[in-house]
Structures are given as C-alpha cells and as structure tokens.
Amino acid sequence: MLLILLIRGVTLPGAWDGIRYYLYPDFKHLVNLEVWIEAGSQICFSYSLASGLLIVLSSHNEYKNNCYKDCFWLCLLNSGTSFFAGFVIFSLLGFMAQKQRVTVDKVAESGPGLSFIVYSEATAMMPLPQFWSVCFFLMVFFLSVDTHFVTVECFITSLTDLFPRHLRGPGRYEVFLFLVCLFVFLIQLTLVTEGGIYVFLLIDYYGCTRAYHYFMILSESVALAWCFGSDQIMNSIEDMTGHRPSIFFHVCWKYILPVLSLTSFILYLVGYTHLKINDWYVYPDWAYTLGWAMTLSSILIGPLWAAGQWWVTPGTFAQAQSLLHLLGCPLTAKMTFRWTVLRRPVADRARQTRETGEEGTTVELMTSRVTA
C-alpha cells in the first residue's frame, strides 16, 4: 500500500518539493538536545522497546535461534519502512503545499492530525479521491489491527505465564482472551463519542509517555546488566548462538544505556508541560490527575512487582537473591524448566499446561535447596 501511495504521490505536482524538504538536512538542529531526545523517543516507540512485546515474540523461538539475525532484520526492516514511509508523507505534503501556496513546513503536522486531517485533505485533492481515501484508511486500519494483535498477545501471555493452572486449561485460554478483548472494546467506545478526541489525546499524552519508556529501559538495563549480570547475558547468548558478543555490548548494557535513559528521563520531567489542545483548550485538574495516574501505573508496576518477588521469596535477603538469580540464569544445570515455560507452543496448550505443572516441582526442589 505504501508503494502504491508513493507512486501516486510522486506523480502529483509539488511532490518533489516535499521530498526535497524531507531529505535536505539542517545541521544546526543537531546541537538541539530536544532533537536527540525526540529521536530516542521515536526509536522506543518504533521498536516497541521496554514494553514486553519483543520478549513475548522471542519467547516462541527455539533455544538455539540466531538472535543476531533477528535483531539485524528487525532493525533493517523497521527503520527502512519508516524511511520509505517518509517519502510517501512528504510527497503528499509537497502536493498540498503547492495547492495551498504555502511552504511544506506550514502543512506538516504530527499525531492524529497527520492521518485524519492532512491525509484526508491530500486524498481529497487527488483524482478519484474516494478510491485513494479507501486505500489509505484500509492501510491504517490493518496496521492498527496488526498492532493490537501483538499488544493483546503480550498482555495475555504475561497473565497466562503468571497463572498457568487457571488460564491454560482446555477452553480457558479462549474464554480469557474473549473477555479481555470484550473489556478493551467497551473501554475504547469512549474514544468514538462526541468528546472522544479529548479522551484520545489524554491517553496518548499520558498513557504511554516518554517517561515510561525511559524509566523502563533504565530499570531493565540495571536489572539485567547489574543484578542478573552482563557476563551472564553474554554467556547465554554464546550458549545459544555459539558466538560471544563483543565488549561493546557489555559497555552499552552496563554504562551507556543507563546513563542515556536516566538523562532522558530527567530531561522529560524538567521540560514537562500540561497537555493543551491548539494552545487554547486546557483540561480540568482531575483530567491531569487521571493522566499522571496512567503514567505512574506504567512506571511503578515494575519496581513494585520486583519488591513483591523479593518479599514472597522464602529465606533471607541473600538467600532470596541467590534463588532468583538461580532461576533466572539460562546456564544453570541445563534447566529444562526455563524453556519449557518460556517456549509456549500455541498449537498444544494442554500439553504445555502439564509440562508447566511438572516443572513446578523442579522449582520447589530448587527452592528447598537454596533455603536449606
């Protein structure tokens, strides 16, 4: 669909002005710290970092899967698609700018206005506007559905891993999935009401902010590189792929990534401003409170869950640390527990439930050994 829109876009008058604006660099903006923060935020959203999606998808792989190849193709296809989509966007923006007799930067917008205002106007100016409008919004629809597939799968997988005996039985998984989708559907009906755009912008601004991404990246880097150990991660990758990562990854995980994410998190809090719509509509105080509740719920769930795991793990603090480290180490005693639970063959969930129950015995034995 992007290719079709690009072919149509470059044939429109003024399209090359938009593409020239897209490709022409303005190096003075490189000294602006906000530009780098926005670039990091774009990478977080584009690659779904620190949201659990990549972990859930990778958990379906075989143990000896080549993670290097997966990462390479993921980065190449993701960034390549984004770069390619830029040609589509700016070819249409150049066309609109010529029609309105303004410069390209005057018609460029971000957020929902880009899809529902700019593109609507652009397709309305094309020959056969109904056809091109249908093509574009079908693409948007299928992209949103595809995104929801992965997002819901991440949520469902997390809960079924926590409560396998209750949610992985025959028919239970399907019922649970239906109830989750029904609940989300009913909640999102508020977005299509008369004031739905205000609800949408509030959720978009506070529900999954840069603060959440930066804090979760910081937490994951500290938990993995410092608590679990970057050497253990490198040993695990070497055991899976047969090649040990370079020291560059060790430095990134342990030092560069925590510093960058912490710096970005602090800068976001320092530069925070209340959400306004077109600089004239200000939300009531209760809306800002609700927004920050959504932000904090995403940020605090990780530390609270970690504290809860420490609390319920038997033994002293040192014993609990040893047990949690033992259960998390992929190289400990060739643990079949680790991949039986993490590899979830979707085709046979009943067999998976039995295997999880068997491995529960292994966990209990290991717990007794550590606390003894």
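Quick reminder: no glycine exception, Cβ is built from N, Cα and C everywhere.
All annotation found in TrEMBL is predicted automatically rather than curated by experts.
TrEMBL names ASN78, LEU143, ASP146 as Na(+) ligands; from the candidate set SER46, SER48, SER51, the record adds SER46 to that same site. Of the listed segments 39-59, 102-122, TrEMBL assigns transmembrane segment to 39-59.
What surrounds the Na(+) site, by Cβ distance within 8 Å of the Cβ centroid and not counting SER46, ASN78, LEU143, ASP146, is the set THR81, THR147 from the same chain. Across 71-97, 131-156, 251-270, stretch 131-156 shows the highest tally of CB pairs under 8 A with the transmembrane segment (176-200). Below 8 angstroms of C-beta separation, residues 1-2, 4-5, 8, 48, 51-53, 56-57, 115, 119-120, 123-124, 173, 176-177, 180-181, 184 of the same chain, each at least six residues beyond the ends of the transmembrane segment (131-156), sit close to that stretch. Residues 2, 5-6, 9-10, 12-22, 46-47, 103-104, 106-108, 114, 118-119, 121-122, 125 of the same chain, all 6+ positions outside the transmembrane segment (71-97), place their C-beta atoms under 8 angstroms from a C-beta of that stretch. Neighbour count (other Cβ atoms within 10 Å of the Cβ, all protein chains): 14 for ASN78 (Na(+) binding site). Around the Cβ of ASP146 (Na(+) binding site), a 10 Å sphere holds 10 further Cβ atoms from the protein chains shown.
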